[in-house]
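K.L.:
Here you go, one structure.
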Amino acid sequence: MTENPQRSPLAANPYLPEIGTIVETIQETHNIKTFRVVLGSEERMQDFHYEPGQVGQLSVFGIGEATFVINSPPTRKEYLQFSVMRAGEVTTKLHGLSKGDRVGVRAPLGNHFPYESMKGKDIVFIGGGIGMAPLRTLLLFMLDNRADYGKIRVLYGARSPQDMAFSYELPEWLERKDMETVLTIDREAEGWEHRVGLIPNVLLEMAPKPRKAVAVTCGPPIMIKFTLQALKKLGFKDNQIVTTLEKRMKCGVGICGRCNIGTKYVCVDGPVFTNEQLLELPNEL
Ligand SMILES: Cc1cc2nc3c(=O)[nH]c(=O)nc-3n(C[C@H](O)[C@H](O)[C@H](O)COP(=O)(O)OP(=O)(O)OC[C@H]3O[C@@H](n4cnc5c(N)ncnc54)[C@H](O)[C@@H]3O)c2cc1C
Ligand code: FES
């Protein structure tokens, strides 16, 4: 078991959630809802330390808990943002909650994006659907520390315009001169003024240069499979590709063994891995 020194000092019992209050919700798409959550007090929020890419377990009392990335960066700590795609029991109950409701929060859990070793490099973000959530954390963190990074390019794809989360901040991303944003959808749609095409194909057209670059990608498994092939074609090496795994978690602290792949536990050794690290794991994904 790996110790996680960043666990809340309140959580001597790692299973004990803190109480969070939902201060705002955003209906992102028909099946994704965002929750902005604050912990106990303003002081507690300031004391709460986490890194981009870390996750939390959100619980609905009497129902259960599920894992979500904290998709607001630690440079913006008025609240913790979680975007939840409806999948089953816990996520459906979460979707029923609104401003003022309470949730249990066990966070921060897991490792984080290696943003220190990315300094000075060009960064290519490639996100599909809800997979944009973890990328958003790192992207906003890098924009808040803009001078530390080279060129920033974002490729974000969804099935249709209606499936695109974070639509309220996309105009700003598109307008910013210090980053390039490309949006794509799978099929033509009325009024859509951006790209049409599958993410790996659009990526090949964008043709980011691998020299001094890191690609960070997250999305559905089929997208990841073809995106990795496209990145390889463009010359990216396995240690230049970073992704996050969504293997089911339970305890979140390396105790129950639910999330293991070979000798690694996704909850403490992940969820962030380079492709080089993933290739060393047994093929159990
Ligand atoms: C590290 C990590 C980060 C995550 N971040 C996010 C996030 O930011 N936003 C988000 O919406 N989701 C995220 N997830 C996935 C989320 O945890 C699951 O969708 C959630 O646990 C489903 O809970 P449920 O009780 O509603 O569904 P369940 O009733 O448990 O499952 C409903 C259906 O979905 C399938 N399913 C559930 N979870 C997964 C999964 N992880 N992978 C594949 N199939 C699954 C089940 O097999 C079942 O068919 C993350 C998962 C992990 C491990
Ligand atoms: S979720 Fe229990 S060991 Fe990882």
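Cβ coordinates are placed from backbone N, Cα and C, and glycine is handled just like the others.
Pasting the relevant annotations from TrEMBL:
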{"type": "DOMAIN", "residues": "15-115", "note": "domain 'FAD-binding FR-type'"}
{"type": "BINDING", "residues": "Cys251, Cys256, Cys259, Cys267", "note": "[2Fe-2S] cluster binding site"}
K.L.:
Measure the Cβ-based neighbour count of Cys251 ([2Fe-2S] cluster binding site), defined as the other Cβ atoms within 10 Å of its Cβ.
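P.N.:
Result for Cys251 ([2Fe-2S] cluster binding site): 18 other Cβ atoms within 10 Å.
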K.L.:
Rank the binding-site residues Cys256, Cys259, Cys267 by how many other Cβ atoms lie within 10 Å of each Cβ and give me the one with the fewest.
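P.N.:
It is Cys256 that, of the binding-site residues Cys256, Cys259, Cys267, has the fewest other Cβ atoms within 10 Å.
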K.L.:
Taking DSSP three-state, what's Cys267 ([2Fe-2S] cluster binding site) in: helix, strand or coil?
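P.N.:
SS state of Cys267 ([2Fe-2S] cluster binding site) = helix.
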K.L.:
Across the domain 'FAD-binding FR-type' (15-115), what are the DSSP residue counts per state (helix, strand, coil)?
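P.N.:
Summed over the domain 'FAD-binding FR-type' (15-115), the classes give 13 helix, 44 strand, 44 coil.
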K.L.:
Using an 8 Å cut-off from the Cβ centroid of Cys251, Cys256, Cys259, Cys267, can you name the remaining same-chain residues around the [2Fe-2S] cluster site, in sequence order?
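P.N.:
The surrounding set, listed in chain order, is Met249, Lys250, Gly252, Val253, Gly254, Ile255, Gly257, Arg258, Tyr265, Val266, Val268.
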K.L.:
Over the domain 'FAD-binding FR-type' (15-115), what does the predicted model average in pLDDT?
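P.N.:
Summarising the domain 'FAD-binding FR-type' (15-115) by its mean pLDDT gives 96.
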